[in-house]
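Undergrad: My questions all concern the structure below.
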Ligand code: RP5
C-alpha cells in the first residue's frame with residue numbers, strides 16, 4: 001500500500017525549484033510523504049484552480065506554495081482551498097524577494113497564508129512547519145521532529161570561535 005501524501009509542494013516555475021527543494025529535503029529528512037508540482041497563478045491558472053478544488057478531497061493536509069515576483073500563487077491557492085497554505089517568497093533578482101514577500105504576506109482578512117522568510121531558510125522552515133502541523137496527529141513524526149530540533153540545539157556551541 002502506498003503512503004497517503006499529505007503535503008503538496010507547489011511552485012510557480014521550474015526556476016523556483018532550487019529554493020523549494022529545501023522544503024522537500026526537510027520532509028525527506030523527517031519521513032513525510034509529499035508531492036511536488038509546478039502550478040503557476042499566471043501561466044497555468046486552470047491547473048491552479050483544479051489543484052485547489054481537489055486538494056482537500058485528495059487528502060492533502062498542508063500545501064507549501066513558493067513563488068517569486070508577483071507571487072500570487074499562495075494567496076490564490078488559499079482562496080480556493082481550506083487546506084492550510086504555507087507561503088514561501090522566492091528571492092528575485094530585481095527586488096531581492098521583497099516583492100514576493102509583500103505579494104504573499106498581505107492577504108485580506110478571511111484567507112490567510114502562513115508566510116515564511118524569503119528564500120532558502122523560508123523554504124526549509126515551511127517543511128518544518130508542515131511537519132509540525134502533521135505531528136499534532138502523528139506520534140512517530142512528533143518524536144522525529146523533537147529529535148531533529150534537539151540535534152540542532154545540540155549542534156550550537158556555547159562560545160564562538162575567536163580567531
Ligand atoms: C513566478 O515568476 C515564479 O514563481 C518565479 O519565481 C518567477 C519567475 O519565473 P520564470 O520566469 O523563471 O519561469 O511566477
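Note that Cβ sites are derived from N, Cα and C of the backbone, with glycine treated the same way.
Owing to the predicted nature of the structure, the values given are computational and were not obtained by experimental measurement.
Below are the features I grabbed from TrEMBL:
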BINDING   13, 16, 43  substrate binding site
DOMAIN    5-156  domain 'PurE'
Undergrad: Using Cβ-Cβ distances, find the residues under 8 Å from residue 13 (substrate binding site) that belong to the same chain and are at least 6 apart in sequence, listing them in sequence order.
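TA: In sequence order, the residues whose Cβ lies under 8 Å from that of residue 13 (substrate binding site) (at least 6 apart) are 38, 40, 43, 67, 68.
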Undergrad: Considering all pairs of residues in 13, 16, 43, annotated in the record as contacting substrate, what is the maximal C-alpha distance expressed in whole angstrom?
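TA: So the maximum pairwise Cα distance among the substrate binders is 14 Å.
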Undergrad: Per-residue pLDDT averaged over the domain 'PurE' (5-156) comes to what?
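TA: Overall, the domain 'PurE' (5-156) comes to a mean pLDDT of 98.
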Undergrad: Count, for each of the binding-site residues 16, 43, the other C-beta atoms lying within 10 angstroms of its own C-beta, and report the residue with the smallest count.
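TA: Relative to the other binding-site residues in 16, 43, 43 has the fewest Cβ atoms within 10 Å.
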Undergrad: What other residues of the same chain, not counting 13, 16, 43, have a CB atom within 8 A of the CB centroid of the substrate site?
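TA: Residues close to the substrate site, other than 13, 16, 43: 11, 12, 14, 15, 38, 40, 67, 68.
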Undergrad: Where does residue 13 (substrate binding site) sit in DSSP terms: helix, strand, or coil?
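TA: In the DSSP reduction, residue 13 (substrate binding site) maps to coil.
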